[in-house]
Amino acid sequence: MKMEMGLVFLTVFMAVMSSTMVSAQSSCTNALISMSPCLNYITGNSTSPNQQCCNQLSRVVQSSPDCLCQVLNGGGSQLGINVNQTQALGLPRACNVQTPPVSRCNTGGGGGGSTSDSPAESPNSSGPGNGSKTVPVGEGDGPPSSDGSSIKFSFPLIAFFSAVSYMAIF
């Protein structure tokens, strides 16, 4: 009887967590779809973005900047789009739109937060010997890289495997 109640609880928990994640993913999907005017530019088929693209980029930066990280982290492939990383990183500069630093995409913060600290638009000057405290966005000759890596697991998946492991023991 305990095992059956545990399975019922686990099933309900998984359903609730999955629906929450789908909701968050669909809001980003909608935000990314709204940026369809940028497709020619970020896929490398155009050398400059059009005004409609820049307007949409500005809207997404204001409403859900964390969704932009999905494009940089390979989210475009989920929509069947091959994103040119160099073009995508150059889009804010080409549109003259301030964005959060790309470094925020690899942290738990997603990319949210204030857009006023974008190094592309407001570089900080530092005194001699202090060094720069800015992170360049979309600059450099080579492809974007990261010194760190992360593996993303969904909480429901971890909970499921934990519950299955627990039930297998007892």
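Cβ coordinates come from backbone N, Cα and C, glycine included.
On a predicted model such as this, the values are computed, not experimentally measured, just so you know.
Per Swiss-Prot, the feature signal peptide maps to 1-24. The annotation disulfide bond is assigned in Swiss-Prot to CYS28-CYS69, CYS38-CYS53, CYS54-CYS95, CYS67-CYS105. Per Swiss-Prot, the feature N-linked glycosylation site maps to ASN45, ASN84, ASN124, ASN130; the stated evidence is sequence analysis. As annotated by Swiss-Prot, region 'Disordered' applies to 105-148. For SER146, the entry in Swiss-Prot reads GPI-anchor amidated serine, with the evidence type sequence analysis.
Shown here: features listed in Swiss-Prot, placed on the structure.
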residue	record	DSSP (3 states)
CYS28	disulfide bond	helix
CYS38	disulfide bond	helix
ASN45	N-linked glycosylation site	coil
CYS53	disulfide bond	helix
CYS67	disulfide bond	helix
ASN84	N-linked glycosylation site	coil
CYS95	disulfide bond	helix
CYS105	disulfide bond	helix
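Counting other Cβ atoms within 10 Å of each Cβ, the lowest count among the glycosylation sites ASN45, ASN84 belongs to ASN45. Here the candidates are the recorded positions CYS28, ASN45, CYS53, ASN84, and by Cα distance the one nearest CYS105 (disulfide bond) turns out to be CYS28. Considering only the recorded positions ASN45, CYS69, ASN84, CYS95, the residue whose Cα is spatially closest to the Cα of CYS53 (disulfide bond) is CYS95. Nearest Cα neighbour of CYS67 (disulfide bond) among the listed recorded positions (CYS28, CYS38, ASN45, CYS54, ASN84): CYS28. Around CYS95 (disulfide bond), the same-chain residues six or more apart in sequence whose CB sits under 8 Å from its CB are PRO49, CYS53, CYS54, LEU57, SER58, listed in sequence order.
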